[in-house]
Amino acid sequence: MDFEPVDEDAESQQGEPEVQRNCKACSGCQKFHLTVSKWMLPEHSRDTYLERANCIPPPIFIILISIAEVAVFIYYAYWMTDKQLITLDEGIWNSPFTYRPDKRQEAWRFISYMLVHAGVQHILGNVFLQLLLGIQLELVHKGLRVGLVYIAGVIAGSLASSIFDPLIALVGASGGVYALIGGYFMNVIVNFDKMIPLFGVFRLLSIVAIVGTDVGFALYRRFLSNAVGHSVSFVAHIGGGLAGMTIGYVVFSSYNQSLVKDPRFWICIVAYVVCFLFAVLFNIFLSPAS
């Protein structure tokens with residue numbers, strides 16, 4: 001009796017989602033895209049993503065933002081100061097990028113503060129988190145959507161700080177980072193019933209552990225640290241997180257869908273604009289920093 005040869009590779013791959021081998025950047029990234037789809041998308045959207053998975057263009061936005069932040073940190077840490085890597089010293093305090101209450105009429109500071117950081121732990125933590133989460137989000141949702149959420153978080157963070165911590169300076173990319181985290185967190189919550197239970201719990205615990213550690217360090221630096229230097233506000237974490245849990249959630253839950261046709265998106269935009277206008281009016285007429 002003759003037997004047909006068995007293709008062990010084909011047999012071992014039964015039951016796994018088919019991944020299109022259309023990646024232009026490398027020949028072995030299909031498994032990476034499969035992992036990204038499991039982490040970033042609900043089950044019903046994964047096949048569509050895998051059919052279109054492509055490493056070109058790469059996640060340019062989050063990489064360029066990270067490079068810019070590291071470059072500015074190195075400039076102020078090594079060229080403008082005496083290699084002061086831990087505390088916010090006069091070099092960073094006098095930077096035209098830093099948000100300062102006494103210079104809040106220079107409107108660009110409400111965004112540019114994301115480029116400067118208070119110390120080596122600050123820059124390493126923010127860059128690590130935004131690369132870890134942002135690269136995967138940008139592979140799925142592309143740079144325009146990730147950039148929208150990130151910048152919305154940066155602006156929300158500085159405006160929230162100007163209201164709730166109005167006499168304290170602000171530096172760091174935490175507003176943008178927490179917008180990405182907030183959007184991802186809400187998607188995990190909403191799609192929890194579509195995940196393998198242990199996988200969903202692991203993702204939630206990972207987010208809680210990362211956020212708890214980072215916010216705890218920010219609170220310590222703001223209220224308890226005796227290090228020499230100016231205090232730095234922590235409110236941007238909260239403002240950025242709220243922006244992520246609203247705008248970020250809608251953007252990241254609308255994979256392969258038009259945002260302009262989603263009423264949730266416009267509701268979030270209107271709410272964001274109302275809060276933005278309130279913060280502007282507060283800074284003009286009511287701020288104790290005046």
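All positions are counted from 1 along the displayed chain.
Glycine residues also receive a Cβ, built from the backbone N, Cα and C atoms like all the rest.
The local packing around Ser174 (active site, nucleophile), expressed as other Cβ atoms within 10 Å of its Cβ over all shown chains, amounts to 34. For Ser174, the entry in TrEMBL reads active site, nucleophile.
If you look up TrEMBL, you'll see His237 marked as active site. In sequence order, Gly157, Ser174, Gly175, Tyr178, Asp214, Val215, Ala218 constitute the residues six or more apart from His237 (active site) in its chain with CB-CB distances below 8 Å.
If you look up TrEMBL, you'll see 105-253 marked as domain 'Peptidase S54 rhomboid'. Under DSSP, residues within the domain 'Peptidase S54 rhomboid' (105-253) fall into helix, strand and coil as 118 helix, 3 strand, 28 coil.
Taken from TrEMBL, the feature transmembrane segment applies to 60-78 (among others). Same-chain residues lying 6+ beyond the ends of the transmembrane segment (60-78) with a Cβ under 8 Å from its Cβ atoms: 84-85, 91-92, 95, 97, 114-117, 120, 123, 126-127, 130-131, 134-135, 137-138, 143, 146-147, 150, 173, 176.
Positions annotated as transmembrane segment by TrEMBL: 139-160 (among others).
Annotation source TrEMBL lists transmembrane segment at 167-190 (among others).
Residues annotated as transmembrane segment in TrEMBL: 196-220 (among others). Using a Cβ-Cβ cut-off under 8 Å and counting only residues 6 or more beyond its ends in the same chain, the transmembrane segment (196-220) has close neighbours at 38-39, 121, 125, 129, 174, 178, 181, 184-185, 188-189, 232, 234, 237, 241.
Under the heading transmembrane segment, TrEMBL lists 232-252 (among others).
TrEMBL lists 264-286 (among others) with the feature transmembrane segment.
Listed as Cβ neighbours of the transmembrane segment (264-286) (distance under 8 Å, sequence separation of 6 or more from its ends, same chain) are residues 104, 152, 155-156, 159-160, 162-163, 243, 246-247, 250-251, 254.
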